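Below is one structure; the comments refer to it alone.
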Amino acid sequence: MTEAGHLVWRRGRWSLRLRRRGVAALLGLALALGALALASLCLGEPTLGPGAALRALLGPGDAAFAVGTLRAPRLLTGLCAGACLGLSGAMMQSLARNPLASPDLLGFTQGAGLGAVATIARTGAQGVGVAAAALGGGLAAAVLVGALAWKGGLRVWRLVLVGIGVGFALRAGTDVLMTRTDLFSASAATQWLTGSLNARLWSHAAQAGVGLAVLGPLGLALGRGLDRLEMGEDVATALGVRTGLVRLATVAVAVGLAAVAVAACGPVAFVALVAGPIGRRLSGGGGPALGPAALTGALLLCAADLAGRVLLAPMQLPAGLFTALIGAPYLLWLLATQIRKGAL
Amino acid sequence: MTRLAATDLSLDYGGRPIVRDLSLAVPDGRVTVIIGPNACGKSTLLRALARLLAPARGTVTLDGKAIARQPTREVARVLGLLPQTPLAPEGITVADLVARGRSPHQGAFRQWSRADESAVAAALEATGTADLAGLRVEELSGGQRQRAWIAMALAQETPLLLLDEPTTFLDLRHQIEVLALVRRLNRDLGRTVVMVLHDIGLACRYADHLVAMRDGCILAEGTPEAVVTPATIRAVFGLEARVIPDPETGTPLVIPRREP
């Protein structure tokens, strides 16, 4: 059955209610993502038709290496990491009720990057060890930023300023580690400077996929609580939300998602910052729109990677460069409007 | 024993004692109004009654059990609260806002039962906001917005409803509209209401039980006629005043004395 603006499904004591506009946003984004994924498999050297690219993905052939070994894992890593970043950003922005509060401005991403580089430089490790170190670094950065910004409570502008400062310090620490490490490890760690999906393997894709499969549903499940918290602590409590638990779980899951993304492709700038507001706008406002934000993040990161791979071929530009090209002007605009509104 | 009560309650806020050794039994099925000068602790008391503030000493009990020990979701099915300045998420429609009131009755896979649907429809109807259901909350006038928020609290279908200054920022007509609505909720639907109000005349008109506070203590409580006397007005507000019967309703009306 339907009612104004919603789709409702009921069976026995179970019921679901979806906003039409939200469903439309999800479907539209999924379609765009499918088209982009296909383009990512087709374009490059050699450029293939859609049919040939899919055949190359499934079976042996001339293009099997280019598609199955180079492009597909890169695409999948980008999809998962982008979704992690988009979801992480939207969760933090909803929690803080401020579009500036994304993990890249709060220092979480930089902390995860430092953790990852430290592990690579010290042990040359890849894989799960890097992800664990990224998670540790991200959580440590979150605790540090929270502690430094604490003044009888947390205010968003103080969090963001402290986060940016801590982010710069962590980034400097990453640079120092890079200069002191041997050449091989340094080249392996280079992608942590701008964030890139270059030379991603199936192992990276699997790791990012598992991270998203575990943390993604947790994040989406927190959406209801976040939605109520946007009406203020008092209203949310009055509506039966355990606000302390939701806050803590949101920060933990958001840091985890950012760490998964950083372990997969380095600290790609601005995806987490931009995806949330776009997802919210597309789904018509009125809630955190976590699903659309995750799809938007995946779309942005994969589009940036495709652009970096194809536009100036054979030169390969890191995806982080393109996300910064979109993200930096957006951040300036956001700061200008926030200052005008008196929010900063 | 009433459903909602405070016993020997002391409340601190930011390390400062606000309420001291206060006991209050909220009469069931009545409209209770708390009055008092600014910073007398009336909003703080209301927050503690709604378990939003943990007591420094003493307890708030709901149905005989300490409210702080009860699961917040179960409390939310019995007791609703509308704070003074709630925040509407950007872009939310009135219908969606009111539907949020159903939260304590819902779950991840029980998002919209028939009971949810009829409760929201009834809340929109009772508050006269059914025609506004499709509008965004930011498009509404102050009075309409306040009614939409009350509709949200109403859709929660709690037998107890706490309202913190529901008439602030409203002009006189809208104040009367909101208070008349509150009275209907009490008379027709049997809800127990506790609200904080600034205007003593309106408080006297709409309260069954009046609580007068000063400096974190209750100085007087009872029917408006019993509480509002020149002596209590002097004690509570430090104001010399005459009290005459309201020509419309016969309830007490406070007329401040002319300055000498």
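Heads up, residue numbers simply count up from 1 along the chain you see.
Every residue gets a Cβ built from N, Cα and C, even glycine.
For A:128-149 (among others), the entry in TrEMBL reads transmembrane segment.
Look at TrEMBL and you will find A:156-174 (among others) tagged as transmembrane segment. Counting residues 6+ beyond its ends, the transmembrane segment (A:156-174) has Cβ neighbours under 8 Å at 96-98, 100-101, 104-111, 113-114, 117, 137, 141, 144-146, 148-149, 192-193, 343-344 in the same chain.
Residues or ranges marked as transmembrane segment by TrEMBL: A:201-223 (among others). Within the chain carrying the transmembrane segment (A:201-223), a Cβ under 8 angstroms from the stretch's Cβ atoms is held by residues 72-74, 76-77, 80-81, 83-84, 87-88, 91, 126-128, 131, 246, 249-250, 253-254, 256-257, 259-261, 263-265, 287-288, 290-291, 294, all 6 or more beyond its ends.
The transmembrane segment annotation in TrEMBL covers A:244-273 (among others). Using a Cβ-Cβ cut-off under 8 Å and counting only residues 6 or more beyond its ends in the same chain, the transmembrane segment (A:244-273) has close neighbours at 77-78, 80-82, 84-89, 91-92, 94-95, 99-100, 102-105, 108-110, 112-113, 115-116, 130-131, 133-135, 137-139, 142, 191-197, 200, 204-205, 207-208, 211-212, 215-216, 218-219, 222, 225-226, 229, 236, 297, 300-301, 304, 319-320, 323-324, 326-328, 330-331.
Here the transmembrane segment (A:293-312) has Cβ contacts under 8 Å with residues 26, 29-30, 32-33, 36-37, 39-40, 43-44, 74-75, 78-87, 89-90, 196-197, 216, 219, 265, 268, 271-272, 274-276, 278-280, 282, 318-323, 326 of the same chain, all six or more residues outside its ends. Feature annotation from TrEMBL assigns transmembrane segment to A:293-312 (among others).
Away from its own ends, the transmembrane segment (A:319-336) comes close to residues 78, 99-100, 105, 194-197, 265-271, 273-274, 300-301, 303-305, 307-308, 344 of its chain (Cβ-Cβ under 8 Å, at least six residues beyond either end). The feature transmembrane segment is assigned by TrEMBL to A:319-336 (among others).
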